[in-house]
Amino acid sequence: MPQTLGFRELGQMAYEPVWQAMQRFTNERGTDAPDEVWLVQHPPVFTQGQAGKAEHLLLPGDIPVVQVDRGGQVTYHGPGQLVAYLLLDVRRLGFGVRDLVNRMEHCLIELLASYGVPAAAKPDAPGVYVNGAKIASLGLRIRHGCSFHGLALNVDMDLQPFRRINPCGYAGLAMTQLSDHAGPIEFAEVSARLRAQLVKHLDYAEQTTLTGGID
């Protein structure tokens with residue numbers, strides 16, 4: 001099994017080109033292809049998962065809605081939210097889907113604890129919560145034993161668009177963000193801590209930064 005996990009720092013990019021690129025990456029990867037994690041912020045967009053229902057889109061307004069191929073219901077992405085797309089050969093890693101979700105949740109819980117923010121997962125509602133308010137969302141797709149999509153952590157963003165939807169299909173679900181609990185946040189530092197936690201919880205020995213585009 002590879003010992004180094006590669007990360008691509010994409011900055012801010014529109015949702016659909018990144019989604020299309022991760023589909024291509026997953027469809028074309030061979031059995032020896034190294035795993036990658038793509039870190040990105042998106043301009044405002046609602047994404048509707050495969051289980052999504054139209055009634056959970058309350059008032060999208062001027063924010064585009066994209067129907068996507070991950071699990072779960074509707075969520076919102078916007079600037080100030082750290083999104084990590086996990087392009088992993090989970091069969092090679094020996095992870096089941098529930099195991100991978102648990103690892104992602106523990107990764108986020110430990111990251112938040114490093115800022116002094118106690119968080120927890122819920123057995124019936126994937127994601128990570130602080131005092132009952134959701135701070136991170138998870139959504140995955142597994143194809144040919146490989147994962148894509150991933151997690152979204154609210155760092156320091158405008159949470160108002162979440163009021164235009166029932167987040168993850170839950171009416172009235174409160175949303176929160178790291179900056180509300182830990183004060184001023186350096187986004188790059190959150191990204192660095194997330195990288196370290198992913199390496200740890202995905203059982204890698206080290207990490208590297210990958211260069212080049214995703215086209």
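Each Cβ is built from the backbone N, Cα and C atoms, and glycine gets one as well.
Straight from Swiss-Prot, the features:
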ACT_SITE  C168  active site, acyl-thioester intermediate
BINDING   R70, G71, G72, Q73, V74, T75, Y76, H77, S137, L138, G139, G150, L151, A152  substrate binding site
DOMAIN    31-206  domain 'BPL/LPL catalytic'
SITE      K134  site 'Lowers pKa of active site Cys'
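Feature annotations (Swiss-Prot) mapped to structure.
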residue: R70; record: substrate binding site; Cβ neighbours (10 Å): 20
residue: G72; record: substrate binding site; Cβ neighbours (10 Å): 22
residue: V74; record: substrate binding site; Cβ neighbours (10 Å): 27
residue: Y76; record: substrate binding site; Cβ neighbours (10 Å): 26
residue: K134; record: site 'Lowers pKa of active site Cys'; Cβ neighbours (10 Å): 23
residue: S137; record: substrate binding site; Cβ neighbours (10 Å): 24
residue: G139; record: substrate binding site; Cβ neighbours (10 Å): 23
residue: L151; record: substrate binding site; Cβ neighbours (10 Å): 25
residue: C168; record: active site, acyl-thioester intermediate; Cβ neighbours (10 Å): 23
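The binding residues for substrate are recorded as R70, G71, G72, Q73, V74, T75, Y76, H77, S137, L138, G139, G150, L151, A152; their greatest pairwise CA distance is 16 Å. Secondary structure from DSSP puts R70 (substrate binding site) in coil.
A distance of 10 Å separates the Cα atom of G139 (substrate binding site) from that of the residue listed as 'active site, acyl-thioester intermediate'.
Mean per-residue pLDDT, taken over the domain 'BPL/LPL catalytic' (31-206), amounts to 94. Rounded to a whole number, the C-alpha distance linking S137 (substrate binding site) with the residue listed as 'active site, acyl-thioester intermediate' is 8 angstrom.
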